[in-house]
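Q: Structure below; questions to follow.
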Amino acid sequence: TRFTMIGFIVFLFVGAASGAINDAKMVHYRLRRQAIIANATNSWSTSEPIPYFFETGAQAVSAEVRQQLLAAMAFWQDNTCLNFKEDATRSKGIRFISGSGCFSTLGRWPHGTQSLSLYNQGCNNMPTALHELEHALGVNHQMTRLDRDSYLRVYEDRIHAGIVKEYQKKPGTQTFGLPYEYGSVMHYTGGSAAKVSGVATMEAVDKDYQQSMGGQEPSFLDVQIVNLLYKCSTVTCKTQLPCKNSGYTHPKKCNVCICPEGWGGTYCDQNPAGAVVLTPSTNFQTYNINFGGAASNKAKSRIHVLTAPAGKRVEVNFPALKTTDMENSCGVNGIEWKGKSDLRTRGVRFCGWNVPIKRYVSQGNRAVIVAYYYSGSATATLEYRY
């Protein structure tokens, strides 16, 4: 998975609102439209499972989509204090359908059943299933946070009519103090819903993150905001562990911590299991990254940890880069640099062929480089020192 012990931000739309809103997001190069019903921000119960059922007949989801939804529910169940259970009476909870697009109610709808649609011919992928389920749990899009102008420029005149309001800030939101994350599974890509293909509808204030907007699976912060929303720390584990480096007690495995990507061990104070550990010196050293494989619904990743002596900073260059993903969102495969002192957020992603990459220097003495793929491969030459 892309984060240690599985995990990842978004922000929550908790105030009542009126009217319906449409949603557009690029997932696996498909523009998906979504209607989110307002006034549906009630939380689900943590004391009983969230009921769901699959519609039959003309609106039945395909076997492929059914498996994706089951896997997405398993992910949220495994990493939060929430549970799901199929409703034999088919009279309450989430009604999974193949409707006119990809859409979900925002949070629990208090009046009977609520529909979550994954259109069989356009929404049949895991990122969409995970995204829509996070909506159903009560989480809205990252780029509609009230503080988004500090991180993002939105060009409404470049966005398709009828979709603009989905890029506008929403009042009555909570972020639980979590940082803005370009790489959230609930963030649109920079060119989503563009009137003219290839024209950016959003630009990152920190230009390094322009290719890093949007996520193919939930991040550490995406998961954490659901756990904060449902107060999971008080629901399942009687004792909270002394987790380090912004980790927190796993609500389903009370003897371990959920750790930001780049940390591991019981208390998030060790390197992640299986990580490649590189030790910088005062002179540049070279390391070749080559990572790829068969297509998968789940991201494969290899974490590289670089630690300099205390008081020093890690410096890296990428003199060579080649990935099979040539898109501007680097969603299928690529290389990610995480050099902030706070490793909770996803980092800067690179993809393409012989793309010039500038020198990067970490904020502290620790840096993380992640090679990842859903399909294809990512190769790079890394030069590093402190």
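The first residue you see is number 1, and the count goes up from there.
Glycine is no exception: its Cβ is also placed from the backbone N, Cα and C atoms.
Note: TrEMBL annotation is automatic and uncurated.
Pulled these from TrEMBL:
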- 1-19: signal peptide (SIGNAL)
- 34-233: domain 'Peptidase M12A' (DOMAIN)
- HIS131, HIS135, HIS141: Zn(2+) binding site (BINDING)
- GLU132: active site (ACT_SITE)
Q: Taking every protein chain in this structure into account, which of the binding-site residues HIS131, HIS141 has the most other Cβ atoms within 10 Å of its Cβ?
A: HIS131
Q: Which number gives the other C-beta atoms within 10 angstroms of the C-beta of HIS135 (Zn(2+) binding site), all protein chains shown included?
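A: By my count, 24.
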Q: Mean pLDDT for the domain 'Peptidase M12A' (34-233), as a whole number?
A: 92
Q: By a simple count, how many Cβ atoms lie within 10 Å of the Cβ of the residue listed as 'active site', its own Cβ left out?
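A: By my count, 26.
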